[in-house]
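Swiss-Prot annotations:
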| type | residues | note |
| --- | --- | --- |
| SIGNAL | 1-23 | signal peptide |
| DOMAIN | 24-206 | domain 'Plastocyanin-like 1' |
| BINDING | HIS126, HIS1005 | Cu cation 1 binding site |
| DISULFID | CYS180-CYS206 | disulfide bond |
| BINDING | HIS188, HIS1007, HIS1047 | Cu cation 3 binding site |
| DISULFID | CYS284-CYS365 | disulfide bond |
| BINDING | HIS303, CYS346, HIS351 | Cu cation 4 binding site |
| DISULFID | CYS534-CYS560 | disulfide bond |
| DISULFID | CYS637-CYS718 | disulfide bond |
| DOMAIN | 730-906 | domain 'Plastocyanin-like 5' |
| DISULFID | CYS880-CYS906 | disulfide bond |
| DOMAIN | 914-1092 | domain 'Plastocyanin-like 6' |
Amino acid sequence: MFLKQPGGCILLQFLGLLGLVGAVTRTYYIGIVEEYWNYVPQGKDVITGKSFSEDKLATLFLERGPNRIGGIYKKAVYRHFTDGSYSTEIPKPPWLGFLGPILRAEVGDVIVIHLMNFASRPFSLHPHGVFYDKDSEGALYPDGTSGRNKEDDMVPPGKNYTYVWPVREEYAPAPADANCLTWVYHSHIDAPKDICSGLIGPLLVCKEGVLNRYSGMRTDVDREFVIMFTLVDENQSWYLDDNIKQFCTNPNSVDKSDAVFQRSNKMHALNGFLFGNMPEPEMCVGESVSWHLFGMGNEIDIHSIYFYGNTFITRGHRADVVNLFPATFLTTEMIVENPGKWMITCQVSDHLQAGMLGQYSVGNCRGNAPHPKVQGQQRRYFIAAEKVLWDYGPQGYDKFTGFPLNTSGSDSAVYFTQADNRIGGKYWKARYTEYVDATFSRRKMPSDSEAHLGILGPVIKAEVGDILLVTFANKADKVYSILPHGVFYDKASDAAPNVDGFLKPGAHVKPGETFTYRWTVPESVSPTDEDPPCLTYLYFSAVQPIKDTSAGLVGPLLVCKKGTLNADGTQKGIDKEFYLLFTVFDENFSSYLDENIKKFTWHPFSVDKEDKEFVKSNRMHAVNGYMYGSQPGLSMCKKDRVSWHLIGMGTDTDMHGVYFQGNTIHLRGTHRDSLALFPHMATTAYMQPDHSGIFKVFCSTLPHFTRGMGQIYEISSCGNRDPSEPPYGMLRTFFIAAEEVEWDYAPNKNWEFEKQHLDAGGERHGDIFMNHTENWIGSQYRKVVYREYTNGEFVEIKARPPQEEHLQLLGPMIHAEVGDSILIIFKNKASRPYSIAAQGVEDSNNGKLLNVPVTKPGEIKTYRWNVPKRSGPGPSDPNCIPWVYFSTANFVKDTYSGLMGPLITCREGVLNEKGRRSDVDYEFALLFLVFNENESWYLDDNIKKYLNKDPRDFKHTDDFEESNKMHAINGKIFGNLPGLIMTEDSMTNWYLLGIGSEVDIHTIHYHAESFLFKIDKSYREDVYDLFPGTFQTIELFADHPGTWLLHCHVSDHIHAGMETTYTVLRNIDNRIPYSTKTPSGAGSHAVTVPSQEQPGKEELYFFGKNLRPRGAKAALVILFILGLLLLVATVVLALRLRSSRRQMAYREVQSCALPTDAL
């Protein structure tokens, strides 16, 4: 009866409000179980329909033998149960494979995980993308915690643990992000081994209102799918010995260090399936589909994921390929329009042939789906495949050195020397050639603007609404095809080689045959509003895609917004268009290899095609098929509006940092001078050069330039005079010296000891890098570094303040604003020539010299860099953006020897009078680089000093060379980087710097915090992908006190020590000085933050929860509002009760007898 009263209704409303204030708690019961997993349950290659016995490479992975495990492995996996009895498992979609269940939550929710470990060894559960306290981090590392805050790090066999993860607003998808962000959870005792053992699953964090409150499923899309692309390295699994014993027919014959055995255990999988064996995700035409994609793994886990048949939008941009790396998480959104069975593949050559393929099925669930309407222009192309004799160096000499390409001892001689068992620089190749009509009797003569295309096929262009009719004549001697990215085509024009129940004559065009492909450009493949006017794609032959593209069959394709193209096909508002393909043409994979050996080697029968040096000589590091500056046609005028269309192709070593010397490019609202390219990825960038001269464009991945992947572009004044001296404002002067030091990568060795102590079953991966033995140098090396001095006397080194302690090996952090000029007084105090040059800024010798002048030992030289507007942040950039400065005397050796530093350019008004930023509380610059000491100038010195041996007689074994590859952050390994300390509720900017070789793929993960990074808009992440030649500012609001792990998520890099900690101090504890409290096993920089079991006196409790100052304010506001509502409810209830009593008294008076006696 009470609840029917008005006061009761108000109380119900009050309780409802309490329910709104409290978050939805999403509870999961997860069990870790051991099981046997079959990577190919259908027992055949589903893509081709063939038996594995017909594929030599497939048998390597899948066939059992005396020393081969085969396709079935014991693994540990996460499983979802109904309740705490763990007796009833909740089934999951079959396409999810061995991944754990999909966990979902909205911003404001709380995720509670009850984890039960049914496995035979300890494991844990660590999330990305959500908030957690120390007792729910689920990650084992020396962080100075103990007791309850350490119990979460590992759950022993037969035990359980409860993790609590609030999904706070700070982890919410940014406005420009998809409605649900893709994250993962995984075991984190030894993360690489745990993940390879199978313990990983998806976690989706959604904006408020996206999930159904009762079912927990999404309401904003029709379908959602999750796919993990990774090379599952079963050699790293905790169960390797079990698998050898169980599945090898002669376990005693197994050599676990054998390279072929190890390769046989590397499974190139989608959710744990190979060769199309993944159960097909199914959807209907017209449905909205969200694809949640992520990568995991090692240095070779570079994945270019291609969705055949349909395009999608990711981070506001149209594409049909996305790149994934270890711990890269992406959400792509697709409106499905093309019915049929379509492939999902990794287009990295090695991964494609090793089985990283799947399929998805699109049905006509509502009857026959009409083709998307197109009413634009019909554009016709007549393209032939022809066999050609190609010269990678047609001018015969290196444009950068002036020496002949076959000069003995030169870098180029490896590729251009013809000999008994060497082909040299000329090869038979295949090439797409354009003809004028369908008779294919007369080639279309290329214009001057197309002279740079080289081996590339003709540029195909179309606007939205157009129809492309491409008549293909195979005038070569192999079966070929044309398969395009980025356009719409039905099965009649499908050139993909998969068996899907359709006759596809365009997939196999034999020599002498022709076929006409019909491609359309409907609105569904149009560039988005965020995209440039023209999207860059490529087309290629897909009969045997690795052989065909290695032979040369590739060309550029542009999809443009309506009204973008002139009548002659050129782009409106663009004066020059250039198309550059960066790839290592691996002639060893070309279908013409045997013919090239026969024609060009002097003794063909002596050639061993497996010989490492022979194989190396055929890997041609080219731009459009040209090497060492031999590409013609890269010329333009000053002030020209230039569009660069950049394309990648190849294998897992084809990670290219394309660098434009002397100018910057405009890329999605940002200013850069370099960008990263990967196989089958293409990018459009813009440039407006402001100085005439000659400049380099090259791949800054360290070995690639020395191997020939560099060209020269020329800018002529064309009547536009260079300003004699631009009106630059403040002159910022720095006194910098190059000097030699004895450097210790790991002065404190406790990190690895402590990790092994915490995990008694763990391995010591750091010994080879830190131990000084008879044949290992250890952690100390002679190096050369940049150091700042107080004045031009170069006597007193300028002391670094505490906020720069983290720079360590790096040179000083140089700041400048747009409009400034930087004057470097440089003294070479080292023993060999060096220089100092910078990316992003304008050198005083800009365009006059290809190479920066060097400074000899003992000399002093002056270098001047100007900061024009194009060198500062772009419209979408943060207030300050990073570049690097370095020595160019010998870029590769100088870098590995230690010469590198950060240069920060800012918008006007950002720097204070001391040259420091006034808009943030802290800034940190981090260089992630595998310092290859084998390439250092000082290797011989280090052998002499630390091994006491003669370098001429010392044998360089594989182990010795591996021991000299220091996986460092600012020159420190295994938790030795100090100075990453900040206070709670502070705004921090981190400048992430990528330099190095093909192994320098770095995915930087911040535990406990997320951050925003900007391209055209801001996006939320907790891992950032970093590559050679790329630099990025990330914005991190530090609001979670504690000492947290910061590391590269690449498996080998974790084991090699590329990890450290950063500390967020509570506001009440910011009086604690740097480097004062050291947890056991950590480096001297670690700071212990008071445990939440002993909170500070200024904290506030709300329903038993310890809150920090900002949270306390919010809690007080909520308490005030609730108190006010309770007061109102109480008053209303009291008034209602009082009114009820009066009515009751009145009724009693009415029913009593009147006092008639008184009458």
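Any Cβ shown, glycine's included, is placed from N, Cα and C.
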Sparsest Cβ environment (other Cβ within 10 Å) among disulfide-bonded residues CYS206, CYS284, CYS365, CYS880 belongs to CYS365
HIS188 (Cu cation 3 binding site), Cβ-centred 10 Å count of other Cβ atoms over all protein chains shown, is 24
Filtered by Cβ under 8 Å and at least 6 apart in sequence, the residues in the chain of CYS560 (disulfide bond) near it are LYS461, ALA462, GLU463, VAL464, PRO527, PRO533, CYS534, LEU535, GLN571
Other than HIS188, HIS1007, HIS1047, the chain contributes near Cu cation 3 (Cβ within 8 Å of their centroid) the residues HIS126, ALA139, TYR141, ALA191, HIS1005, TRP1044, LEU1045, LEU1046, HIS1049, GLU1059
The sparsest Cβ environment within 10 Å, among the binding-site residues HIS126, HIS303, HIS351, HIS1005, HIS1047, is found at HIS1005
Expressed in Å to no decimal places, the gap between the Cα atoms of HIS188 (Cu cation 3 binding site) and HIS126 (Cu cation 1 binding site) is 6
Argmin Cα dist to CYS718 (disulfide bond) over the binding-site residues HIS126, CYS346, HIS351, HIS1047 returns CYS346
Quick note, CYS206 (disulfide bond) and CYS637 (disulfide bond): C-alpha atoms separated, nearest Å, by 49
Residues near CYS906 (disulfide bond) by Cβ (under 8 Å) yet at least 6 apart in sequence within the same chain, in sequence order, are HIS815, ALA816, GLU817, VAL818, GLY872, PRO873, ASN879, CYS880, ILE881, ARG917
Whole-number Å distance separating the Cα atoms of CYS180 (disulfide bond) and CYS346 (Cu cation 4 binding site) is 24
Within the same chain, the residues at least 6 apart in sequence whose Cβ is under 8 angstroms from that of HIS1007 (Cu cation 3 binding site) are GLU137, ALA139, TRP1044, LEU1045, LEU1046
Between the C-alpha atoms of CYS637 (disulfide bond) and HIS351 (Cu cation 4 binding site), the distance in angstrom, to the nearest integer, is 42
Not counting HIS303, CYS346, HIS351, residues with a CB within 8 A of the CB centroid of the Cu cation 4 site are PHE229, HIS268, ASP301, ILE302, SER304, ILE305, LEU324, THR345, GLN347, VAL348, LEU352, MET356
Comparing local Cβ density (other Cβ atoms within 10 Å) for the recorded positions CYS346, CYS534, CYS637, CYS718 points to CYS346
Keeping only the recorded positions of CYS284, HIS351, HIS1047 whose C-alpha lies within 10 A of that of HIS1005 (Cu cation 1 binding site) yields HIS1047
By a three-class reduction of DSSP, HIS1007 (Cu cation 3 binding site) is assigned coil
The mean pLDDT across the domain 'Plastocyanin-like 6' (914-1092) is 89
